[in-house]
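Asks: Below you'll find the structure I mean.
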Amino acid sequence: MLRIGKLNLSTMSSAQQRLAQVGSHLTAQKQSLAPQRPYKITVIGSGNWGTTIAKVLAENAGLRPHLFQHQVDMWVFEEKINGVNLTEIINTQHENVKYLPGIKLPKNLHAEPSIVKAAEGADLLVFNIPHQFLPGICKQLSKATLKPHVRAISCLKGLEVTPNGCKLLSTYITEHLGVHCGALSGANLAPEVAKEKWSETTVAYRLPNDFQGHGKDIDRYVLRAAFHRPYFHVRVIEDVAGVSLAGALKNVVALGVGFVHGLNWGDNAASAIQRFGLNETIKFAEVFFPGETNQDTFTKESAGVADLITTCSGGRNVRVAKAMAITGKSAVEVERELLNGQSAQGIITSKEVHELLAAKNLTKEFPLFEAIYQIVYGTESIERLPELIEEDE
């Protein structure tokens, strides 16, 4: 007499037997996806986006004890707020009063001032820092004893430019720490996500060559369970290069939108800048990462056109560029006045992109990216932007 669990198949119709078998298979599959022990999550970074992502992860860790350890660690660069350590404030008041004020954080989110202590024992490292700090962060993390099969997700926006080309920051993490790394990017303004206003994002992750198996290693199921919330919907794809490039280059485009807003040129001009920017982003991917990206990532995913639209509708880069246009001040001056110690990533990314294009003699192939660089760092005026990017018939 054949049984599945407590079910007696001999007393069932063929259709009922098939349903029972399928249900049993799905139950076994679900159980196989549960890890042998809960995964530990650590967030590297505690700015407004870093703290927001840590909030999301801690909420899910609290809800899914079969998958994740209850406590999520967040590495915080220690600083004093009215004479009190920021980590102490976060751990006692459950609020990042400097970078995400007014948002209550889960009690299982623990602020840790030691980056080595925060990283050791982690199964998943989530990097969320200004990208120019990554080399120093990796140098510090090289002193930590990381788990043999720790995995990572990069929420960083930028590129590593070398004389020979450019690398994804996820690749930089892998090369310097030996940690397989994916990427997260999407139409996600941190204050809106922190306030639990509905949005979506894209996680890009390919299974590593040394994948240990479901239930033993981080996979798409685990990543979606870690990041997906009712107010923060997640799609997991494999195009790490496309997601990373879209996340980096949209900040350069947003500077252009900020410039035209500062001159009160209107929505038509802002839309034109975004069209140029999307086209140059796709072209950049084709030139520097041939065969590694999927054009659908730029046109159909949250990490692509949706993030471009959102970033160009507000955010740091637009604010900084708009203030530059209105006041005539430099990017450095405006950043210092507006951003409370944070940075507009488009400023440094535009310089990195220019250096790469100049080294490859390709500046004329990317007129918008080059024009924005020349306005920020060179002698060009914002008023000449239409002339600088004008297309031939």
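Just so you know, glycine gets a Cβ as well, placed from its N, Cα and C.
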Asks: Among K107, K157, K216, which residue does Swiss-Prot annotate as binding NAD(+) together with G45, S46, G47, N48, W49, G50, F133, A190, R316, Q345?
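Replies: That NAD(+) site, as Swiss-Prot gives it, pairs G45, S46, G47, N48, W49, G50, F133, A190, R316, Q345 with K157.
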Asks: Quick check for the class: what is the C-alpha distance, in angstrom and rounded, between N317 (substrate binding site) and G47 (NAD(+) binding site)?
Replies: 16
Asks: Could you tell me the C-alpha distance between K157 (substrate binding site) and Q345 (NAD(+) binding site) in angstrom, no decimals?
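Replies: Cα-Cα distance, K157 (substrate binding site) to Q345 (NAD(+) binding site): 7 Å.
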Asks: In the three-state scheme derived from DSSP, which category covers F133 (NAD(+) binding site)?
Replies: helix
Asks: In whole Å, how far is R316 (substrate binding site) from W49 (NAD(+) binding site) when you measure between their Cα atoms?
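Replies: W49 (NAD(+) binding site) to R316 (substrate binding site), Cα-Cα distance: 12 Å.
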Asks: Does A190 (NAD(+) binding site) have same-chain partners at least 6 apart in sequence with Cβ under 8 Å from its own Cβ, and which are they?
Replies: N48, W49, T52, L100
